[in-house]
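J.: If you scroll down you'll find the structure; I have some questions about it.
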Amino acid sequence: MSNFSPSSVDAVRVYVKSDSEDLQYPVLFVVRQQKGVLSWQVPLIFRGLYQRTYNYQEVSRTLCPTEPAPDTGPLEQVIFVDVASMAPSPIKYELLVTRVKNFQLMTDKAFNFTASPSQPQYFLYKFPQDVDSVIIKVVSETIYPCSVVSVQDIVCPVYDLDHNVEFNGVYQSMTKQAAITIQKKDFTGEQFFVVFVIKPEDYACGGSVPSTIQDKGNHTWNLQRTKHLQVTIVPSIPESVYVQAMLFSFLSFLSFYMGALMVACMHYVRARRKMSAERYSPDDGSRTMAASRPITAGTPEGSSYGAIDESSSSGGRQMSSPEHGLRRGSDTDSSVEEESDFDTMPEIESDKNVIRTKMFLYLSDLSRKDRRIVSKKYKIYFWNIITIAVFYALPVVQLVITYQTVVNVTGNQDICYYNFLCAHPLGVLSAFNNVLSNMGHVLLGFLFLLIVLHRDILHRHTMEAKDACTLEYGIPKHFGLFYAMGIALMMEGVLSACYHVCPNYSNFQFDTSFMYMIAGLCMLKLYQARHPDINASAYSAYASFAVVICLAVLGVVFGKNNMWFWAIFSIIHVFASLALSTQIYYMGRFKIDFGIFRRAAMVLYTDCIQQCSRPMYMDRMVLLVAGNLVNWSFAIFGLVYRPRDFASYLLGIFICNLLLYLAFYIIMKLRSSEKLLPIPLFCIVATAIVWGAALYFFFQNLSSWEETPAESREKNRPCALLGFFDDHDIWHFLSAAALFFSFLVLLTLDDDLDTVRRDQIPVF
């Protein structure tokens with residue numbers, strides 16, 4: 001029995017040692033206190049993988065402390081230590097009871113100590129009156145041995161051994177650093193224990209069993225696994241910082257709305273001045289070229305859409321009948337008009353194979369279908385992506401709520417891969433800052449929808465105010481894909497926020513699924529500008545995106561060092577690139593069926609072997625050769641190196657193809673003596689600058705679910721902006737702005753062609 005009369009919160013530590021190695025007759029120690037009983041045996045046995053055991057003959061445990069009551073003052077603490085053994089012969093042991101110095105941790109004061117598997121440590125911390133939350137920062141100079149940091153309520157007994165430390169409180173595994181944010185409201189007594197446990201093996205932290213241990217069989221004695229640790233408890237940010245961060249986020253993206261409003265006002269004033277000037281000036285005959293072809297009174301508006309000059313086609317003028325004109329004049333939603341599998345260009349006028357395989361193609365050759373039908377075809381993109389977004393997002397939200405609930409209930413912070421040095425909780429969310437930073441995608445996506453809607457309304461008014469000849473000018477205005485891009489940007493923000501509720505290996509696809517769709521929609525929009533009649537339908541496009549997402553899931557699950565998967569994927573990648581290149585080169589007139597290989601061999605033989613002729617479409621050939629080289633390089637890289645992050649690898653393929661096509665489009669545009677107006681030029685420069693800055697912060701890896709949670713925490717860094725946002729949050733802000741500027745580039749890139757006839761706009 002030992003007596004202590006503490007005047008403050010002190011703790012008692014019991015140290016025992018025995019020379020006995022007889023596991024059949026261990027020495028049992030039982031410590032009885034006022035509030036509980038603590039017992040253990042010597043040798044103390046820890047169990048690892050594959051039935052491996054680690055036995056320790058020295059054990060040191062801290063007893064549950066007794067805090068003096070304020071009304072009674074210091075009380076005498078009585079401790080009973082019972083020692084027993086069933087061994088047939090006497091066993092020597094050593095017992096030492098000492099008082100723990102510096103048992104209570106202080107705010108902003110570092111404390112150094114050591115711990116081992118058989119000698120865990122824990123300390124007390126009390127919240128100051130003016131502090132509502134704190135961050136417990138633990139660092140070590142060595143990676144191993146693997147350790148666990150746990151925060152437990154003031155309850156006896158304290159769970160401080162490897163097999164029971166996860167029974168209570170919040171805990172993290174650790175190699176070199178760990179950080180846990182604790183809020184005062186979660187502890188009724190406004191105090192808690194910080195427990196430090198050293199694990200007997202390192203597999204939980206990504207380590208392996210040393211060969212010296214493997215040679216000793218299943219029993220290892222007194223393995224030296226001492227770790228030096230330093231703990232510092234610092235106050236977390238106050239509520240005012242939360243308010244500042246939310247205001248900063250909202251006002252930052254509100255400035256984009258103000259900028260868009262200013263540009264709209266400038267355009268409105270300029271348009272009014274232009275209309276006033278035209279109203280009081282005589283007709284200068286500027287529409288002579290537009291009216292050079294007679295438009296009969298019986299010709300409906302839609303039939304003249306995309307009409308080409310007689311010199312650019314092999315057929316005559318489009319014929320119309322009263323029934324045909326009546327059908328086009330009524331803007332109905334019949335299934336016939338929405339059908340995209342048949343071509344509405346009358347075959348009696350000209351053969352599509354002749355029109356689309358000419359050496360020099362102009363926009364009028366590929367914009368011959370009825371405007372209303374084509375417009376409705378592209379609106380399907382918008383309605384389909386809304387349906388996809390709803391069905392995709394609902395189970396995602398349900399799943400991440402379940403993840404967050406599991407984290408909050410179990411206290412296992414190894415489930416989610418946060419940047420724990422900059423994870424600010426709010427409500428049930430463990431890292432509110434990572435969720436808040438995604439609001440930019442939603443706000444800017446909505447702003448882009450408003451801009452597209454504004455352009456759409458202006459275009460409709462223009463079509464109603466002017467005659468049918470106006471339809472022959474500029475790039476055809478179809479806004480369905482733009483609406484789909486705006487919805488995709490908003491959904492990227494929603495799903496990225498869902499992913500960051502609990503980022504881990506299982507739900508990383510939520511963060512990338514709509515990025516695939518954004519990249520694909522941007523490429524389709526670029527292609528649609530000069531090929532409105534032959535662009536992919538919404539059904540085939542979204543079906544292709546579904547296949548891509550399926551491949552992404554398979555890659556995440558089976559792609560880790562699986563040679564067969566990478567071989568199959570590389571073959572699919574190469575053949576898909578060749579098939580798509582063939583479709584683009586021949587403008588969709590090269591059928592993809594079982595006879596494609598025979599026809600391809602015939603073309604190669606006649607054009608490359610029999611007579612080495614120059615490609616008919618040199619510009620298209622240059623683009624497709626460059627594109628195939630890029631895609632084949634990606635396929636070879638994946639087959640050789642087999643990157644662990646397959647989702648990012650697949651996204652890189654999409655982004656590189658998009659950038660290649662955009663660069664080709666701009667180069668060909670300038671080569672064709674077309675202009676870049678100030679607004680698209682500004683958007684291109686802004687896009688390049690913002691993407692460069694965004695990618696810098698993207699590659700500042702703050703966590704990685706490809707590694708163990710403890711290894712991931714080695715990459716954690718403090719906040720970088722306002723004491724609230726980390727580097728990845730800045731990536732969210734900048735990437736949202738970069739995507740917005742990228743969309744504006746596609747929206748305004750061909751504004752200079754609004755006064756140019758379509759039979760003078762080249763196709764590339």
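From the backbone N, Cα and C atoms, a Cβ is placed for every residue, glycine too.
Just so you know, TrEMBL annotations never went through curation; they're auto-generated.
Below are the features I grabbed from TrEMBL:
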| type | residues | note |
| --- | --- | --- |
| COMPBIAS | 277-286 | compositional bias 'Basic and acidic residues' |
| COMPBIAS | 311-321 | compositional bias 'Low complexity' |
| COMPBIAS | 334-343 | compositional bias 'Acidic residues' |
| REGION | 277-343 | region 'Disordered' |
| TRANSMEM | 245-269 | transmembrane segment |
| TRANSMEM | 381-401 | transmembrane segment |
| TRANSMEM | 435-453 | transmembrane segment |
| TRANSMEM | 481-502 | transmembrane segment |
| TRANSMEM | 508-527 | transmembrane segment |
| TRANSMEM | 539-558 | transmembrane segment |
| TRANSMEM | 564-588 | transmembrane segment |
| TRANSMEM | 621-640 | transmembrane segment |
| TRANSMEM | 646-667 | transmembrane segment |
| TRANSMEM | 679-699 | transmembrane segment |
| TRANSMEM | 730-749 | transmembrane segment |
J.: Going along the chain, which residues at least six beyond the ends of the transmembrane segment (646-667) come within the CB cut-off of under 8 Å?
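T.: Sequence-remote neighbours of the transmembrane segment (646-667) are 508-509, 512, 515-516, 519-520, 522-523, 526-527, 529, 548, 551-552, 555-556, 559, 573, 622-623, 626-627, 630-631, 634, 638, 676, 684, 745, 749, 764.
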J.: Under an 8 Å Cβ to Cβ limit, what residues of the same chain, 6 or more beyond the ends of the transmembrane segment (621-640), are close to it?
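T.: Sequence-remote neighbours of the transmembrane segment (621-640) are 566-567, 569-570, 573-574, 577-578, 581, 584-585, 615, 649, 652-653, 656-657, 660-661, 664.
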J.: Restricting to the same chain and to residues at least six past its boundaries, which positions have a Cβ under 8 Å from a Cβ of the transmembrane segment (381-401)?
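T.: Same-chain residues near the transmembrane segment (381-401) but 6 or more away: 480-481, 483-484, 487-488, 491, 494-495, 498-499, 501-502, 507, 510, 513, 517, 521, 538-539, 541-542.
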J.: What parts of the chain pack near the transmembrane segment (435-453), using Cβ distances under 8 Å and only residues at least 6 beyond its ends?
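T.: Counting only partners 6 or more residues beyond its ends, the transmembrane segment (435-453) has Cβ contacts under 8 Å with 245-246, 249-250, 252-254, 256-257, 260, 429, 479, 482-483, 485-494, 496-497, 500-501, 725, 728-730, 732-733, 735-737, 739-740, 743-744, 747.
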